[in-house]
Amino acid sequence: MFGRNFPFFNSIGGFYPRESLDSKRPSGTGYTSKVRVRDKYHIVGFISSGTYGRVYKAIGKDGRKGEYAIKKFKPDKEGEIIQYTGLSQSAIREMALCSELDHPNVVQLAEIILEDKCIFMVFEYTEHDLLQIIHHHTQPQRHAIPAPMIKSILFQLLNGLLYLHTNWVLHRDLKPANILVTSSGAVRIGDLGLARLFYKPLNSLYSGDKVVVTIWYRAPELLMGSRHYTPAVDLWAVGCIFAELLSLRPIFKGEEAKMDSKKTVPFQRNQMMKIIDIMGLPRKETWPGLVSMPEFSQLQSLAMSRGYLNRQCNLEGWYQSCLKNNGYSPGSAAGTPGAEGFDLLSRLLEYDPTKRISAREALEHPYFTTGTPVTANCFAGYEGKYPHRRVTQDDNDIRSGSLPGTKRSGLPDDSLMGRAAKRLKE
């Protein structure tokens, strides 16, 4: 299914051969036992922690050049007693998929190490992520993200997504924090903990994971309770990311309703309202499958109570306002995403998943094939500097015997969700 020679799609319809791209990963990535992490890597410091465990920055020893991010999974814990009852489904999926996937726009796994009942995933180190980049541009006296940089980021993201979808992999959690960027401007899709194969599933995708995709990037068919879904859910998330790169804030910033004690998934009323405010009310005339959605009656109730029955799409108004407020040049000049950018955004944010643009179609869109050429380095031509990822020396004990921790004072708790939660309060 997967292959190390999968081609790299380019903007003029050709392919870059995989062999021409540098990779730190040796062939046949798999599990390594009877070896200690510290024998192969020098631990520089601690990056972040979360429900999965902890992440550390490291440098290779004994001829292993380069920097690495080591994810240490923590075992189940009951009180002060660690119970080695196995790994989460998320960890197993991530290890299985990352061991097979190999593409320049998907995060690279170097190896997996088993040490004294602890599992370590060793990834290439990436200095930035899109959430960090977006946050940098929101600070006073800073400008919008340059249009050529957005084009390169989006192209590389779609290129990696095409590889995943071609190999029957749904990511299911695309968001700025999970889109990594190397110091040389290469974009990598990261965090495959919610990813899964969708080729001839034995059960509906809903039966395995009832809640997927962070709420601000969740596709309308998921909000409407669809029991089965397609790669189109990832393309909606790409549209949300595209909009966020342009506006420097989430386009659909709703509040998530949590599951009750019976683990019943509630209708995400507030998030659906945020989408309708910009996209208008979805209608069965343009989305025939809408009426069969489990939450259709909830949508009707929402439309009646909020006066949404005649709400029309205002995405173009939002787009033009965004360009004006962020100082992009009018028209289709090199310094603006232009009309082609709006057309691509509208196709990504299509309500009906059967009509939503695919990754392959998006890569062939005029937004990429006309105007300023796409660069392989998204930072090309940008004179500014982004801050390095925070690495602390306060807690860099990666030993398997050390107790895997959770949140600690002064340290980020799950950088992927913690920063998003902070922005929700703003």
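Note: Cβ is positioned from N, Cα and C throughout, glycine not excepted.
Annotated features, as they stand in Swiss-Prot:
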DOMAIN    41-368  domain 'Protein kinase'
BINDING   I47, S48, S49, G50, T51, Y52, G53, R54, V55, K71  ATP binding site
ACT_SITE  D173  active site, proton acceptor
REGION    390-426  region 'Disordered'
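What Swiss-Prot annotates, mapped onto the structure for a quick look.
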| residue | record | DSSP (3 states) |
| --- | --- | --- |
| I47 | ATP binding site | strand |
| G53 | ATP binding site | strand |
| D173 | active site, proton acceptor | coil |
- Note on the structure: Other C-beta atoms within 10 angstroms of the C-beta of D173 (active site, proton acceptor) total 22
- Neighbour count (Cβ, 10 Å) for G53 (ATP binding site): 23
- Quick one: give me the count of other CB atoms within 10 A of the CB of I47 (ATP binding site). 21
- Note on the structure: Using a 10 Å radius on the Cβ of S49 (ATP binding site), the other Cβ atoms enclosed count 24
- In whole Å, note down how far the CA of S49 (ATP binding site) lies from the CA of the residue listed as 'active site, proton acceptor'. 18
